[in-house]
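Quick notes on the structure that follows.
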Amino acid sequence: VMLGITPTIIAVLGTSSEEVCFVAVIGRRRVLGFLLAAASPSIYTERAFKYQNPDVILQERIGAQYIKSTRGSNRRWLLVLLEYVLVLAAIANVATLSWVLGVQSVNTMNPNTIYMPMIWSVIGIITHVMGAVVFHMRVRRLDEVGQFIRSSTVASSLKAMMREESLQYVTIPESRWFTFLAWFLSVLIIFSIILGTNILSSTTFVGPKDAFGVLARYILSVIICRIIVVYELEVQRVSVKFEMSSNSEELIAIENT
């Protein structure tokens, strides 16, 4: 029973597709976004067929006053390194869990295979990739002159990582294709949770103590990813606020001259 409700529990504790995509697309942290997708099999969804407004993602959260702009700060390198260490540890945790569940137990859905838990994790990654496609149809990153960023170089990605460039984006009006794909994404998220429930609930020869340990380890990986995403979103929110303040000061200076 405990294994069966694990996908639902970690989905409630986890991050949404829109939040991870905001970090990957707008924050230009594509590698980090992919790693976060790999470390969190279940995806949070507020409601079926409802796509979260991108502007709502950057709303101020509890404790936001303690996060300052890291633009030009040397400690940013340390924070970025810590993020990658933690998310890689979370991936290793999920991967070893999938291997242990496949090798040391029997799954009644397909008793002759050991990769059923791994399939669930891969479906989660595919869902996040699909979410990135949908998000790109709704929100675009802008460069310093207000043009769409069509490609990224290593130098520009490093600048984005260190928050040394302006953070600007534009929301694109919804199209029919966007609505269709957003609904399909919602169905895919629900399917992922149902598939994970069926796979884990079909796992036999796992005692209550071991099942609690599996649940705790999944929760640990999800919480690590959640902390990283919340922090990155708050840094981006502060960067947007910093950019708006800088632009306001420039306008005031022009008016005074």
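From the backbone N, Cα and C atoms, a Cβ is placed for every residue, glycine too.
Fair warning: this is a prediction, and the values are worked out from it, not measured in the lab.
Residues or ranges marked as transmembrane segment by TrEMBL: 77-102 (among others).
Long-range contacts of the transmembrane segment (114-135) within its own chain (CB-CB distance under 8 A, at least 6 residues past either end) are made by residues 7, 17-18, 20-22, 24-25, 33-34, 36-38, 40-43, 51, 54, 94-95, 97-99, 101-103, 107, 178, 181-182, 184-185, 188-189, 191-192, 195-196, 199-200, 202-203. Annotation source TrEMBL lists transmembrane segment at 114-135 (among others).
The feature transmembrane segment is assigned by TrEMBL to 177-199 (among others). Remote same-chain partners of the transmembrane segment (177-199), defined as residues 6 or more beyond its termini with a Cβ less than 8 Å from a stretch Cβ, comprise 4-8, 11, 17, 41-43, 45, 48-51, 107, 109, 116-117, 119-120, 123-124, 126-127, 130-131, 133-134, 137-138.
Per TrEMBL, transmembrane segment is recorded for 211-231 (among others).
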